Amino acid sequence: MADLNGRESVSLNGEPVVKRAREHVQLSTSLRIPKEPQNKVTVVLGAQWGDEGKGKVVDLLAMDADIVCRCQGGNNAGHTVVVDSVEYDFHLLPSGVLNKKATSFIGNGVVIHLPGLFEEAEKNLQKGKGLQGWEERLKISERAHIVFNFHQAVDGIQEQQRQQQEGKNLGTTKKGIGPAYSSKAARNGLRVCDLVSDFSVFEDKCLAEHYKRMYPKLNINIEEELEQLKGFAERLRPLVTDGVYFMHKALTGPSKKILVEGANAALLDIDFGTYPFVTSSNCTVGGVCTGLGVPPSYVGRVYGVVKAYTTRVGVGAFPTEQDNDIGELLQSRGREFGVTTGRRRRCGWLDLVLVRYAHMVNGFSAIALTKLDILDTLPEIKVGVAYKVDGEPLPSFPGGVSSFWFYFHSIVLSLKCLFSTFR
């Protein structure tokens, strides 16, 4: 076997290849093995259950970035950035939009609630000058899917139905993220490119009636929503771009610093998180490639953000949780309330088992440790270093930890976390 440049190689089983006469074929430039990428993306990801301080790390790196990207999630995420003593809250907009020299990009992997996007921008504009001219430096992939109001209404109905079954509620933000990704997977979702094209075709494809049949209690005014979206289409059109081509030009053109801002976190990933108590997108490094149209070879450094203790919003497994005075102290000193929901975060010791697991999935280049100062007043701190089930050690973070936790924790088996103590 020979590679595309004609060099001799070996077969897939390692045996030497029998030499044979080669045909002289002129390969086009596009078929030759590419050179090392001119530019690579730097990625910031959460290594726990979110709220690790990704926004602060992104803000530091975005100061001299040329492009700052969002690749997945929607306005269920929440990042807080403080600039010149002004606190800005971001849910859909990349927090790098505060850098007036950078272009912000929302990739195809993001699901966009347009009323939420423009409302977020207006609220932040009222806080300070940081967002002035934001529309001139924002680009949105034409392939990004739209979150409708009925997606949000359905999200609320589904969560209400789950709450009627003990241990089944997921604690979603009710922002319509799950139903929007469901529409995408079912191949009947609508994208930004549909909205900015022929609006009559967009109207005909709207799924509102489909959801009304599925959920008779669904109370929505689709005519009003469509009229609102028609107005948004005019504001949106100058921002829309071919995301794949946009990223390709950025990566293969003149030297640029490109930053990717992850939303949610590794343990909330739809595939690798504590399923089913997860979000609906890939929050790990693979989501960068699929959510932006970026080849894996263009992924550079991957920073994992780790809080010095562990927090989690809503239900789900939490082996190092401290439902006691320690947890209360961490919650109050760390001001642990969700940016998006305002919900109190559950708190516990740092869990190194899950941080190691997050590294296995993401291959972190480095760790950014945040909020270590919150532990200053404690005479000793603990970190989780291993799990045991019924006295037997587990080799890694278990895939079925959530179902195990709910159905067996208080009955027969007991998952115990072993701690190391530091003074």
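Cβ coordinates are placed from backbone N, Cα and C, and glycine is handled just like the others.
Per TrEMBL, these features apply:
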- D51: active site, proton acceptor (ACT_SITE)
- H79: active site, proton donor (ACT_SITE)
- K184: active site (ACT_SITE)
- G50, D51, E52, G53, K54, G55, K56, G78, H79, T80, R345, K371, L372, D373: GTP binding site (BINDING)
- D51, G78: Mg(2+) binding site (BINDING)
- D51, E52, G53, K54, N76, A77, G78, H79, T173, R187, N264, T279, R343: IMP binding site (BINDING)
- V339, T340, T341, G342, R343, R344, R345: substrate binding site (BINDING)
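Sequence features, as recorded in TrEMBL, placed on the structure.
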| residue | record | contacts (Cβ under 8 Å, 6+ apart) |
| --- | --- | --- |
| G50 | GTP binding site | A77, N264, A265, L268, T311, R312, V313 |
| G53 | IMP binding site | V305, K307, A368, T370, K371 |
| K54 | GTP binding site | V44, L45, G46, H79, E261, G262, A263, A265, V305 |
| G342 | substrate binding site | none |
| R344 | substrate binding site | Q331, E336, F337 |
| L372 | GTP binding site | A308 |
Inquiry  = Could you check which of the recorded positions D51, E52, K56, K184, R345 is the closest Cα neighbour of N76 (IMP binding site)?
reply    = D51
Key: Neighbour count (Cβ, 10 Å) for the residue listed as 'active site, proton donor'   = 23
Remark   = Nearest to K56 (GTP binding site) by C-alpha distance, among the recorded positions G78, T173, K184, R343, is G78
Query = Using Cα-Cα distances with a 10 Å cut-off, which of the recorded positions E52, T173, K184, R343, R345 are near G78 (Mg(2+) binding site)?
reply = none
Query = With every protein chain in view, how many other Cβ atoms are within 10 Å of the Cβ of E52 (GTP binding site)?
reply = 26
Key: In the chain carrying R345 (GTP binding site), residues 6 or more apart in sequence that have Cβ under 8 angstroms from it   = D51, T311, R312, V313, Q331, E336, F337, G338
Remark   = Cβ neighbour count (10 Å, all chains) around T173 (IMP binding site) is 24
